[in-house]
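Features as listed in Swiss-Prot:
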CARBOHYD  N45  N-linked glycosylation site
CARBOHYD  N261  N-linked glycosylation site
CARBOHYD  N308  N-linked glycosylation site
CARBOHYD  N419  N-linked glycosylation site
SIGNAL    1-23  signal peptide
Amino acid sequence: MKIFNKLIFLIIQCILIISVTNAQVDCGGTDNPYPIYNELPVLINQTTYGKLYKIGPPDNLINIIELYGTPYQRGLAQGQLLKSEINDIFDNFFGYITVMVNELVTKYADYLPKFLVDALEEGGVGLALDITADLTKKYTPKSFFEEMQGIADGSGIEYKTILRLHMFPELIKAACSMVGAYNSATLNKGLLQLRALDFGFDPMNPLRLHPTVMIYHPESVSAGGDGGHEFATLSWAGFLGTLTGYSQHVGICEKYWFGYNGTSSREGIPFHFLLREIIQFDESIDEALNRIINADRTCSVFMGLGSNQTNTFKAVEYSYEYVRVFDDQTPFPSYVPTPSAHPVIQDVVYIDKFVQPSNHQCLASVLQKSLGSIDVTSLINAAAQLQTGDIHIGIYDYQQNQMYVSVGTQSGPYPPPSNFTIVPAYARQFIQIDLNSFFNQ
């Protein structure tokens, strides 16, 4: 009977895959027209504990910063090398985030803890961020506070302001998409991971201004550091949490879980700090899952975990109440009938930018067309066709130890004039970063 049921399930999945593949799906976007930029980064400046590079064409420059030493020393180096950029973001951040959070509370008040909604109404975003900082403090490793103090000392910005900025991911709802493709699904049979961050892209968003790839070289515990291995994150100047990140062992990504209807809390470790701990300390998906399961969890997000050890990718439903894990053979989501638009695809795990369960056929259709030959270009075009990844996109090639990044328009006057046009990351040129030249120094 079990064999019969499994056979029926496989037949149904095949029918769903064929129907999605053969359907005329209007994704809304078109392929990305630009070649990948692959020139080397240029060293701009350095301090005792850091080096600053620029990479990209003149109209699409990205910072790369290497950070060495203890948490405080790494923070100090970032604050010194990116002082003007950090001040630029922080000077404009709270006005923008106030508008964004107020709009989100109007839409999603039912998904936020009541005390946070009350705090936003009574004391504004500042009070809500302060309460979040207080509730998460005892669950957050002290190394994060030391690194924030270093950023404050290096940049000249008040520590409390630095701390507040690092609490906002707990309040904001980012759409985002993720894909992990591996083994038979990819051209080189290695693991490729796509992370597309959709995060309120408009000309007034200061988080678009100074995109930065941060490459960490942690000092060993025996030498007074926090230990762990080297890793890279794609973020913006002054932010040390991780929403997009990769090491030679694991890679991570995330997406807000809009459909979660269970209990939430803010007493726990901020999810973006936990994600950074994964890429700094964990060497496999199992180790990352162990960290997730045993963590004091807060809000609800989907997480993506890739592993060089097993050459696989898994998606995680991460919430205060429970953790669920999905691989390429697990119907997604598990608690409702699998939408026909989200068929199981061998050696591919994916979640699109829409509220889940999603009935949008685009991503599955695009992946099916490239199945067996998925490469970096395939994932670049998948993001462009789905029109996902407005602030930034990261693609990790585990086999070659490469990171490909694209960012939304970061140059031009700020505040921008009313007629200022910006271009989202998915429609801009991708930049290749060879992590072999930065890791294992």
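Glycine is treated like the rest: Cβ placed from N, Cα and C.
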Name the one residue among N45, N308, N419 whose Cα is closest in three-dimensional space to that of N261 (N-linked glycosylation site); these are the glycosylation sites.
N308
Which has the fewest other CB atoms in a 10 Å radius around its CB: N45, N308, the listed glycosylation sites?
N45
Return the residue, from the listed glycosylation sites N261, N419, with the maximum count of other C-beta atoms within 10 angstroms of its C-beta.
N261
Between N45 (N-linked glycosylation site) and N419 (N-linked glycosylation site), what C-alpha distance do you get in Å?
35
Cα distance, N419 (N-linked glycosylation site) to N308 (N-linked glycosylation site), nearest Å?
45
